[in-house]
Amino acid sequence: MAYHPAYTETMSMGGGSSHGGGQQYVPFATSSGSLRVELLHGNLDIWVKEAKHLPNMDGFHNRLGGMLSGLGRKKVEGEKSSKITSDPYVTVSISGAVIGRTFVISNSENPVWMQHFDVPVAHSAAEVHFVVKDSDIIGSQIMGAVGIPTEQLCSGNRIEGLFPILNSSGKPCKQGAVLGLSIQYTPMERMRLYQMGVGSGNECVGVPGTYFPLRKGGRVTLYQDAHVDDGTLPSVHLDGGIQYRHGKCWEDMADAIRQARRLIYITGWSVFHPVRLVRRTNDPTEGTLGELLKVKSQEGVRVLVLVWDDPTSRSLLGFKTQGVMNTSDEETRRFFKHSSVQVLLCPRSGGKGHSFIKKSEVGTIYTHHQKTVIVDAEAAQNRRKIVAFVGGLDLCNGRFDTPKHPLFRTLKTLHKDDFHNPNFVTTADDGPREPWHDLHSKIDGPAAYDVLANFEERWMKASKPRGIGKLKSSSDDSLLRIDRIPDIVGLSEASSANDNDPESWHVQVFRSIDSSSVKGFPKDPKEATGRNLLCGKNILIDMSIHAAYVKAIRSAQHFIYIENQYFLGSSFNWDSNKDLGANNLIPMEIALKIANKIRAREKFAAYIVIPMWPEGAPTSNPIQRILYWQHKTMQMMYQTIYKALVEVGLDSQFEPQDFLNFFCLGTREVPVGTVSVYNSPRKPPQPNANANAAQVQALKSRRFMIYVHSKGMVVDDEFVLIGSANINQRSLEGTRDTEIAMGGYQPHYSWAMKGSRPHGQIFGYRMSLWAEHLGFLEQGFEEPENMECVRRVRQLSELNWRQYAAEEVTEMSGHLLKYPVQVDRTGKVSSLPGCETFPDLGGKIIGSFLALQENLTI
């Protein structure tokens with residue numbers, strides 16, 4: 001009897017979203033004989049229609065459920081009968097990863113779902129499994145399963161009908177028990193959606209099947225770091241004789257807040273009131289964020305701040321607890337307490353239908369991670385419009401930085417009162433600070449109204465009275481009704497603007513969020529599909545950020561450039577730990593994109609920039625686990641590429657790193673007035689007597705990583721995606737951390753429109769980022785897919801790594817470092833000889849496996 005890695009649903013995995021529904025194991029076969037494993041890379045079109053003659057699974061669970069019926073689970077009522085019986089639902093799974101889940105139908109042995117799924121897949125498997133389960137207050141029970149062989153699906157024909165629901169003995173779980181379903185596989189190469197590139201001219205529909213549609217018209221400003229001083233980066237020339245303009249993110253935010261007349265809405269993982277957005281030398285007039293918001297609220301502007309409530313920080317009866325994550329949420333709340341600025345500390349709460357265990361996990365481990373600033377701004381004819389900032393920058397300490405990313409030189413100037421380095425114990429007097437690299441954006445156009453809608457949905461949920469507060473009759477009226485304010489341009493008006501300007505953008509807003517964090521999702525789960533939401537168990541999910549990444553990667557024709565704080569996923573295809581539950585498709589999609597291009601003998605390259613290690617002590621258990629998952633992800637991708645090279649006989653001519661490379665950022669800084677520490681006219685600063693070993697090493701080597709906090713991707717120089725979401729399960733599942741992102745392109749600057757490489761704002765942005773990281777620009781960088789460019793960038797990054805790791809301290813002009821692992825010609829990823837641990841701080845670079853089932857690090 002074959003053992004199928006697909007089915008006892010783990011309690012720790014919530015939701016039922018595609019590539020986010022967790023792992024399941026069923027210890028019985030759903031087919032007789034051995035089946036061939038096939039790679040399914042494309043989409044599955046699935047209908048789960050109905051089941052007939054299901055068993056009554058409710059015994060003890062039935063009686064317990066009756067006692068706990070007041071807990072209120074969102075279900076669809078089934079048979080109108082006093083009989084208490086099973087509460088069935090169906091999960092759809094491949095390679096052990098749940099890719100779809102129906103809603104629960106209460107008290108029915110003949111449920112009718114008629115639920116549709118259109119699911120992207122990139123899995124190697126012998127079967128697609130449909131598991132029929134009985135939902136209970138405490139977990140669920142498997143009734144039986146149906147297996148559809150992938151070999152049959154590869155024929156391309158639709159498979160449909162009534163299929164026996166088999167139990168562990170290989171027989172129907174009850175006489176006549178059947179599941180009505182329909183399933184058809186369409187391979188990637190036959191899907192027109194992915195053949196035309198990412199920004200396919202004026203007719204592009206964006207990412208289909210998402211909560212927010214593609215909005216046409218408007219402007220986008222792209223930012224690298226919180227600030228860029230004029231003249232510090234090389235010039236980048238765009239089409240039409242335009243020179244790329246480097247935005248000043250925090251200064252633009254400060255200006256937008258100052259000029260607001262009606263509303264300022266802010267969301268953050270952390271918002272810290274003493275932060276100074278504008279830092280010009282010797283300018284005492286530039287106040288703090290908190291002071292600025294108070295002034296605006298006194299002017300009559302509605303100022304609402306929605307911040308994650310860190311459960312480990314408390315302020316009770318004068319006793320204060322800082323909190324593990326140092327978000328300063330309680331401090332910010334206290335600062336605004338007696339002002340007209342309204343601050344809501346919003347806990348990450350589990351859904352109504354979640355078990356106690358699941359609710360505890362959600363509230364303790366997961367966060368509200370969105371970072372947005374929404375304001376009204378000047379529009380034509382003396383009216384106002386909505387403008388929104390979206391990206392990776394929280395308005396808190398440690399985030400202000402420039403492309404120079406200093407370690408020591410700004411401790412008494414730009415970073416006075418803003419010292420941040422949580423990786424080891426050090427001080428603002430000694431340093432080094434942790435340099436911070438991030439990506440952000442400003443949306444001026446109809447898509448900004450979707451960012452506003454997200455804020456309103458979250459605020460209404462967070463401000464909903466709880467407990468004794470429910471007795472109050474008044475409802476929250478903090479949100480402005482902009483549809484009742486004539487001088488504010490509405491969404492329909494903003495969308496109908498005829499914008500033929502060649503510099504205009506098409507923009508779409510994406511999220512990772514579920515119905516426990518927003519108000520406005522339908523109450524009836526049957527309506528979920530119509531709103532492009534996915535069903536979890538007793539919850540509705542928007543996981544459109546994941547959908548946006550998959551669509552953009554599949555549509556890529558030339559190259560992918562990613563900067564992200566984390567990079568792990570597609571664990572279903574790892575060589576071990578396949579059941580981890582990091583089921584997002586992004587790493588596998590990139591690897592398969594490269595493999596397909598190799599088979600087609602077409603140029604393609606992927607560049608991925610990540611931090612040297614996740615923030616914190618690199619020797620600690622959580623960070624060692626994350627590094628281990630990252631290593632498994634890299635290994636899987638390189639092995640996939642190597643197999644493609646072997647398949648077409650190019651493995652002696654090329655190696656996997658000719659197509660895929662990982663980088664990190666780092667810098668070192670000699671003392672002022674010196675050339676290097678070995679050739680110094682004066683003695684370098686010495687650590688104080690109480691310095692710890694890591695601090696002593698860092699002060700001696702005068703080096704540190706530049707922390708990559710970015711969450712962005714550029715595809716083919718025509719499409720950009722920027723937001724708050726990391727490339728890990730926490731950010732992409734939709735039932736874990738809440739996230740928001742924007743994806744956009746300029747239709748007049750696309751390959752489809754121009755017939756050649758576009759040189760619009762996105763090209764300028766990517767080149768500007770490369771100029772920051774490499775210290776200069778070359779003409780070859782304009783074509784990242786070319787082998788010469790791939791090898792040149794890798795060569796420069798290897799030289800930079802050697803300079804970073806050397807004993808001699810020298811000033812670094814380039815910051816892009818080859819990620820310090822060795823990748824051989826067969827795609828095997830191992831420790832770099834002589835550099836198994838991180839310089840100065842230690843910790844294995846490829847991480848350590850610790851056998852502990854948890855969701856914190858994935």
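The backbone N, Cα and C atoms fix where each Cβ goes, and this holds for glycine too.
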Candidate sharing the Ca(2+) site with ASP225, HIS405, GLU772 (per Swiss-Prot), from HIS369, HIS437, HIS748: HIS437
Listed in Swiss-Prot for the 1,2-diacyl-sn-glycero-3-phosphate site shared with HIS369, HIS709, one of GLN224, GLN557, GLN565: GLN565
Averaged pLDDT score, the domain 'PLD phosphodiesterase 2' (704-731): 98
Euclidean distance between Cα atoms of HIS709 (1,2-diacyl-sn-glycero-3-phosphate binding site) and ASP716 (active site), Å: 22
In the chain carrying LYS371 (active site), residues 6 or more apart in sequence that have Cβ under 8 angstroms from it: THR267, GLY268, TRP269, VAL390, GLY391, GLY392, LEU393, ASP394, LEU395, SER724, ILE740
Residue distribution over DSSP helix, strand and coil in the domain 'PLD phosphodiesterase 2' (704-731): 3 helix, 15 strand, 10 coil
Count of other CB atoms lying within 10 Å of the CB belonging to HIS709 (1,2-diacyl-sn-glycero-3-phosphate binding site): 23
DSSP three-state assignment for ASP376 (active site): strand
Cα-to-Cα gap, GLN565 (1,2-diacyl-sn-glycero-3-phosphate binding site) vs ASP376 (active site), nearest whole Å: 31
